[in-house]
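Notes follow the structure.
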């Protein structure tokens, strides 16, 4: 069932960009666009403004995820993937990009730089205990289940 996300344009860096949209009928993410032109040098990271602030419905979050095409073609990804937008955050959405490639990558204002997935949030209640129940895996981590 669709939820309503309220969107406000912020920053005023030029003519209004299109609002994020799903690019196909089965797409999980709305494409976010850069609100200013920039060049990302090899090894450089940058917070890229989107020109948008969101009001997410209670009980939901926004997950900012990298675009696979940028990673495959240019080695550009996100430092914190996914980035989390909390329902009570009202500031401008920024995307932290990093260039893992060997060459600078230029972006124009309006280029798609990330995806925004809206997801429900389950809040946990923590219970402090003296011991945890046993499991087949136990404390094994970092490759302990095989290759």
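Any Cβ shown, glycine's included, is placed from N, Cα and C.
In the three-state DSSP reading, residue 69 (substrate binding site) counts as helix. Taking the Cβ of residue 69 (substrate binding site) as reference, no residue of its chain lies under 8 Å away while being at least six apart in sequence. Taken from Swiss-Prot, the feature substrate binding site covers 67, 68, 69, 80, 84, 85, 86.
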Identify, in sequence order, the residues in the chain of residue 67 (substrate binding site) that are 6 or more apart from it along the sequence and have a CB within less than 8 Å of its CB; answer 'none' if there are none. 31, 112, 113, 114, 115
